[in-house]
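Working notes, structure below.
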Amino acid sequence: MKILDALLFPVIFIMFFIHLSIAQTDPELTIMTRLGQVQGTRLPVPDRSHVIAFLGIPFAEPPLGKMRFKPPEPKKPWNDVFDARDYPSACYQYVDTSYPGFSGTEMWNPNRMMSEDCLYLNVWVPATPRPHNLTVMVWIYGGGFYSGSSSLDVYDGRYLAHSEKVVVVSMNYRVSAFGFLALNGSAEAPGNVGLLDQRLALQWVQDNIHFFGGNPKQVTIFGESAGAASVGMHLLSPDSRPKFTRAILQSGVPNGPWRTVSFDEARRRAIKLGRLVGCPDGNDTDLIDCLRSKQPQDLIDQEWLVLPFSGLFRFSFVPVIDGVVFPDTPEAMLNSGNFKDTQILLGVNQNEGSYFLIYGAPGFSKDNESLITREDFLQGVKMSVPHANEIGLEAVILQYTDWMDEDNPIKNREAMDDIVGDHNVVCPLQHFAKMYAQYSILQGQTGTASQGNLGWGNSGSASNSGNSQVSVYLYMFDHRASNLVWPEWMGVIHGYEIEFVFGLPLEKRLNYTLEEEKLSRRMMKYWANFARTGNPNINVDGSIDSRRRWPVFTSTEQKHVGLNTDSLKVHKGLKSQFCALWNRFLPRLLNVTENIDDAERQWKAEFHRWSSYMMHWKNQFDHYSKQERCTNL
């Protein structure tokens, strides 16, 4: 037996070596990029076919040591074949332990070990003969700028790449303090380096995606939540605009209450973090040196304590208005038309607020029906709009209360869902869509540039050309997945359209229904059609299904579609009445009442309460008046 083993060993070794050599020389699996060779792997898809995946390709030097908090540096070339057959480490981030073992939260936690050496990207290529000039779709994950990873199962690009014959790319970027800690004037911690990670990955796509059969002139960036806000920020940032073609924004935009902070607030949070981890007060250089000396988990453990108030849908380290990445605030840039002139597709889910309510709103839990008392509702409103004064809070309460049934615990629960979702997602996104669409009309009418007050030359802003390329497509996703593990009252939750965009219902073992598989195929087609042509209705062969046409959103008609298992339906006005409160009335109200002295503010608040009481009294009196009276006394 030993002699036989001795004879067989060289044969086995040679066969293994031949197999390895074939794998390394297979033109499908080994690609030469500008930086060096990468070796990928074949991944199966449900129809007995496969895609080619290149997982964990480095696009930046590891941001370790002195590079912590600094902008990324492009990856240097390598000599050997880089093994790109498995996902990279996740960037350091907060891990949600609120519901241990519960798949609804665990699916968003990193599924790879965490490391600061995390700036890698993934590429999925359809297994077509010699792919060439394919449309490219680059995914940017969400997670409140404090979490997220490109390796999550829900972001698996194989199904979208295979079904729509597009090249799918996703990247890791730094989050939390590692990506967004900012000290004004400091080159060591300028802020926004997480966005610069994304931009460097987009530059890698421009430089290398043609080696994988992709077209660098046909790149659509898409993302969800903070990932969608990031997409919108690249639409605004002048240096990002040339690096992609179109944009899809799912449940997030760059304007709104949680996406950015001022440099003063960013500095306050950086200093507070230093104190929390034991850094002595001193100058910026000393602070950064001390923060760099700390273990990554030390910073993660303290990050939530830097917030100036307790609120829902608020995050510690987010992009900062720096005058470089952002020449001005997102609101100001939108209002002046200073954004990329291109087509956008964007939308929201039906219940954008429910997910965030279980993380601190009084009375809410995933483990019960969350029937909310009036007292819990009023406390929840304060947490939902932490920047508002008493008058502003009364305005929100007045708008969202059913005064004929104000103590109804189900209606209070639904109102809280609407308040959080409308304030943070729906209404900022509606405003973003309207501003984009409005500038398309203005440029068509004037046919002239207004770049004198913008100064961006040929940077691709919507207001520098009379021939605007802008068109807007808006959706409301309102299908609750049949296998969703969250309670029924949470509805169509923030983030749960992603699995349909990435084609997970095509995987039989995941137990979606046939109707959900069809919905997923439709959504992938809409997304890919838009990426190819700027119009979700135009199929890859140029045909259009006239029976189910998705109309352009305009600032006047405001048409949008409902995405669900039914046939496509067109609606008008995305929560227009409620968004008038958030986008127009409340900002003006807070501005007018900002300088009112305490006595007058208290009087006005009491007056609003009295008005509400009188309205309630009148309703009760009217009800009493309509009752039959006893006539026998």
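From the backbone N, Cα and C atoms, a Cβ is placed for every residue, glycine too.
The disulfide bond recorded by Swiss-Prot for C427 reaches one of C279, C290, C579; that cysteine is C579. Looking at C118, C290, the record from Swiss-Prot puts C279 in a disulfide bond with C290. For S225 (active site, acyl-ester intermediate), the nearest of the recorded positions by C-alpha distance turns out to be C118; the candidates were C118, N133, N368, N511. Sparsest Cβ environment among the recorded positions S225, N368 (other Cβ atoms counted within 10 Å): N368.
Each of the disulfide-bonded residues C91, C118, C290 was scored by the other Cβ atoms within 10 Å of its Cβ; the lowest score goes to C290. If you compare Cα positions, N591 (N-linked glycosylation site) sits closest to H494 out of the recorded positions C91, N133, N368, H494, N511. In this structure, the disulfide-bonded residues under consideration are C279, C427, and the one with the smallest number of other Cβ atoms within 10 Å of its Cβ is C279. Rounded to the nearest whole angstrom, the C-alpha distance between C91 (disulfide bond) and H494 (active site, charge relay system) is 23.
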